[in-house]
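Listed in Swiss-Prot for this protein:
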- 90-94: motif 'Histidine box-1' (MOTIF)
- 126-130: motif 'Histidine box-2' (MOTIF)
- 300-304: motif 'Histidine box-3' (MOTIF)
- 41-61: transmembrane segment (TRANSMEM)
- 69-89: transmembrane segment (TRANSMEM)
- 102-122: transmembrane segment (TRANSMEM)
- 164-184: transmembrane segment (TRANSMEM)
- 207-227: transmembrane segment (TRANSMEM)
- 234-254: transmembrane segment (TRANSMEM)
Amino acid sequence: MEKGVQERVPHAKPPFTLSQIKKVVPPHCFHRSLLRSFSYLLSDLAFVSLFFYLAIAYFPLLPHPFPYIAWPLYWIFQGCSLTGVWVIAHECGHHAFSDYQLIDDIVGLFFHSALLVPYFSWKYSHRRHHSNTGSLERDEVFVPKPKSQIPWYLKYFNNPPGRLISLIGTLTLGWPLYLAFNMSGRPYDRFACHYDPYSPIFTKREWIQVYISDAGILGMAFMLYRIGVEKGSFWVMRIYGIPLVIVNGFLVLITYLQHTHPALPHYESSEWDWLRGALATVDRDYGVLNRVFHNITDTHVVHHLFSTMPHYHAKEATEAVKPVLGEYYRLDRTPVLKAIWREAKECVYVEPDEDADSDKGVVWYRKKL
């Protein structure tokens, strides 16, 4: 149900099980259609191709000052379309694209590499995020810190100008910094990097796939280099680089807002269990972009419950599970820009309630430093 946006989600063990939730979902929602999945991918690629063609064929013909209007529009529209492609590749990593794991991995590897994402590397770390959502010790990304671990300099950014600088930096650089340096990721006992097969993120049996992911990135980087030699680096940045920055920004924005909310609990190991962690997420409303992003934005709760479910069934499944989840389900329709500003202000660190002796393993966001 839709509650007051800052009214806390229940943190006690739910009075239902995952199997009880699954029983109310229509069985066809779990069916993965290779043809239907490819139809969404091809639709995204058609829009990407259209915007690319318009940019290279017609933008050079525009009289001054229309290029200054056309190029930003291209970057926005192309960035949104490529985010849709990114989501489909993410779905491949969940084995939600088709019934064939090999096809899923080939499609996911190709299109994530095209967007400079190490497919298998992120697939494995993201799988652990799904296995440990809401856990302070084991979740993989956007893990909130207790007040005692807040960096000393954060107090200088806990104001409107500081928050703006922090948000701009996070949206533009957060994704590549996470992949390369594990920024905002789970702390490890040594350096962690998605490009390093021997990183503590990965097990020994995953090393080969990490090498394959790196090869995909190197192949794409070499292709961009060759295009840059032929067309110039400025051409590459205008056509590909800036839309990619927008894709990365949307990825961080979407993920941050799915898991950061004043009403959501996080759990220490003494209290955490998988179902409560999976329910410690929130659906958001991005308007028309919900469809452009294949509803990864407004069906995230059901995605955490059933990650192999294809996106085109997630809306129906969400409506089906709402009566069972009751107050454990949260949809926040706050406009996205307002929401990210509120969350940056309200969700600074986590602490347990002072008067909750029996719930010391449950922590909530706080803002007062």
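Every residue gets a Cβ built from N, Cα and C, even glycine.
Sequence-distant neighbours of the transmembrane segment (164-184) (same chain, 6+ residues past either end, Cβ-Cβ under 8 Å): 117-118, 121-122, 141-143, 157, 191-195, 201, 245, 248-249, 251-253, 256, 340-341, 344. Within the motif 'Histidine box-3' (300-304), the DSSP-based counts of helix, strand and coil residues read 5 helix, 0 strand, 0 coil. Sorting each residue of the motif 'Histidine box-2' (126-130) by its DSSP state yields 5 helix, 0 strand, 0 coil. Comparison of 102-122, 207-227, 234-254 by number of C-beta pairs under 8 angstroms to the transmembrane segment (69-89) places 234-254 first. Only residues 6 or more beyond the boundaries of the transmembrane segment (102-122), in the same chain, are considered here, and those with a CB under 8 A from a CB of the stretch are 34, 41, 82, 85-86, 88-93, 95-96, 179, 194-195, 201-202, 206, 209-210, 212-214, 216-217, 219-221, 244, 247. Mapped onto DSSP classes, the motif 'Histidine box-1' (90-94) shows 4 helix, 0 strand, 1 coil.
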